[in-house]
Amino acid sequence: MLRYVLQRLVSLCLSLLVASAVIFLALEIVPGDPAAYMLGLNAQEDTLAALRDELGLNGTALQRYGSWLSGMLHGDFGISYTYRTPVAEMIGDRLWVSLPLALFALGLSCLIAFPAALWAASRRGTLGELGVMGMTQLGIAIPNFWFAMLMVLIFAVNLRWFPAGGFAGWEEGLFAGLKSLTLPAVALALPQASILTRVMRSALLDTLGEDFIRTARAKGLTRGQALRRHALRNAMIPVLTIIGLQFSFLLAGAIIIENVFFLPGLGRLVFQAISARDLIVVESVVMLLVFAVILVNFTVDLAYAWVDPRLRGRR
Amino acid sequence: MRRNLILGTGLSAMFAGAALLSFFWVPFDIGALDIANKIKPPSGAHWLGTDHFGRDILSMIMVGGRTSIAVALVAVGIGMGLGVPLGLAAAVQRGGWLDEGIMRANDLIFAFPSLLIAIMITAVFGASAVNAIIAIGIFNIPVFARLTRGAALGLWTRDFVLAARVAGKGAVRISCEHILPNLVNLLIVQGTIQFSLGILAEAGLSYVGLGAQPPVPSWGRMLADSQTMISFAPHMALSPGLAILLTVLGLNLMGDGLRDLLDPRLQRGQR
């Protein structure tokens with residue numbers, strides 16, 4: 001097991017290194033000089049040079065890549081070109097919106113998907129199953145930002161149960177914070193819950209054909225009991241993979257939903273930073289999100305090997 | 001299930017047909033502004049109502065469908081055109097440096113949050129339908145490469161491939177003449193799914209202003225325009241949203257139906 005963990009760890013570090021190089025190179029070819037962008041069209045050449053020097057834009061690409069990388073390893077993500085505040089601080093502030101939003105959406109997604117999948121799997125071939133599967137088809141096909149707009153119309157404009165946008169801030173209390181994240185979380189959770197329901201139902205049905213389920217049924221368990229006590233645990237491997245993938249997607253993929261609800265999250269930060277040519281912020285946030293995805297995949301790999309020792313020998 | 005295939009094909013064909021028809025005929029000219037008739041709810045003259053410039057929403061949806069469908073279709077083409085040869089090559093050299101390189105590069109692309117990178121590409125190189133195609137297409141490449149490699153690896157162990165090798169055929173010829181034809185069904189099904197994802201992605205990009213630019217209409221752009229008016233003109237948001245939903249639903253059902261039809265192992269309704 002130790003050898004497997006070390007192998008995965010080396011692979012994790014290599015992936016991160018390559019990813020950082022790709023991100024840096026991609027933004028190197030971006031047209032436009034951040035210093036010129038900040039100072040405007042009438043900037044003097046010497047002012048531009050001074051600002052470039054201050055922002056660390058002089059020097060070769062390799063030097064800049066090196067200092068960016070070593071800075072990140074020390075938790076120093078640099079200073080934002082537009083806001084003149086440390087990027088790490090900005091990311092920290094935005095994480096307080098994005099992380100709870102992703103967790104809230106993931107929780108909702110599991111809360112919907114688990115009972116729905118169990119229900120559909122235990123009623124194979126009935127109208128109920130057809131109904132659940134039909135709903136998941138709709139959930140996957142619906143554009144989540146449109147669904148968000150419809151929810152705003154119903155629950156914010158007409159019923160006035162939730163705010164139409166913005167974030168109250170955690171200092172207003174847990175309830176106020178959660179209230180402003182509820183509609184965005186539901187909009188994000190709906191497609192994820194639909195995918196999870198389909199994967200889980202399918203995994204449950206696969207497990208139901210196994211011998212140990214037949215044994216459990218022979219011992220007198222009903223189909224539902226066998227499903228909950230024996231099939232559920234064995235069906236969890238594909239479900240955990242999807243949950244892992246969904247978490248990283250929710251963290252990064254909320255960019256459009258954050259725009260619908262004007263939420264000050266990571267996605268919106270990147271979006272604003274791209275428009276303002278604030279490349280240091282873009283680089284750092286994208287790197288952080290890629291790091292999150294790679295780390296989640298790494299954890300899922302380790303969890304597999306721990307659950308199923310046969311996987312340790314394979315790659 | 002044939003029901004899925006018929007319903008899905010019907011829905012997709014309806015929107016594709018409307019988009020095609022818009023090249024020759026639309027109920028109203030979408031370039032002509034009619035401010036006197038702006039934000040009118042559905043009526044006999046304008047079946048889906050009019051927008052904030054008085055343009056007919058049905059005509060806008062017909063023309064907007066062209067953008068969505070073209071972007072998604074070309075993006076699938078890019079994914080298939082590059083991903084399938086890469087996957088075939090990786091399968092030929094199983095375990096070799098090419099295979100390793102291609103698969104690790106694929107892992108890397110998968111590690112990047114696709115929507116974020118698509119937004120970055122379009123924002124950096126300028127918002128346009130062409131850049132949206134490239135941004136969506138890049139993420140289709142690993143999907144097709146991985147699918148092709150996986151399926152091709154299985155085929156390389158089969159007797160008919162062995163026979164072809166004994167007959168003296170090279171790896172490229174075997175890949176083209178024997179492996180690829182056996183993958184067509186799989187690729188059609190995956191192509192349909194990626195097509196529907198492409199439509200959703202294009203709508204998302206246009207919604208945040210990074211897809212096709214005005215005056216070219218697109219479904220996502222129409223939704224963005226309707227957002228501030230949703231409280232007094234919900235019809236402006238309903239129609240483009242439904243167009244996206246029904247097109248994607250149709251394509252997904254068609255993909256499911258095709259998979260059931262083309263994969264005999266699933267025909268007895270195992271799932």
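Any Cβ shown, glycine's included, is placed from N, Cα and C.
Same-chain residues lying 6+ beyond the ends of the transmembrane segment (B:6-28) with a Cβ under 8 Å from its Cβ atoms: 46-47, 55-56, 58-59, 61-63, 65-66, 69, 243, 246-247, 249-257. Residues or ranges marked as transmembrane segment by TrEMBL: B:6-28 (among others).
According to TrEMBL, the domain 'ABC transmembrane type-1' annotation covers B:65-255.
Per TrEMBL, transmembrane segment is recorded for B:69-92 (among others). Residues 15-16, 19, 98-99, 102-103, 129, 132-134, 136-150, 152-153, 155-156, 171, 175, 179-180, 183, 187, 191, 194-199, 201-202, 211-212, 247 of the same chain, all 6+ positions outside the transmembrane segment (B:69-92), place their C-beta atoms under 8 angstroms from a C-beta of that stretch.
The feature transmembrane segment is assigned by TrEMBL to B:112-139 (among others).
Feature annotation from TrEMBL assigns transmembrane segment to B:183-210 (among others).
Counting residues 6+ beyond its ends, the transmembrane segment (B:230-251) has Cβ neighbours under 8 Å at 7-15, 39, 41-42, 48-49, 51-52, 57-58, 60-61, 64-65, 68-69, 192-193, 195-196, 199-200, 203, 219-220, 222-223 in the same chain. What TrEMBL lists as transmembrane segment is B:230-251 (among others).
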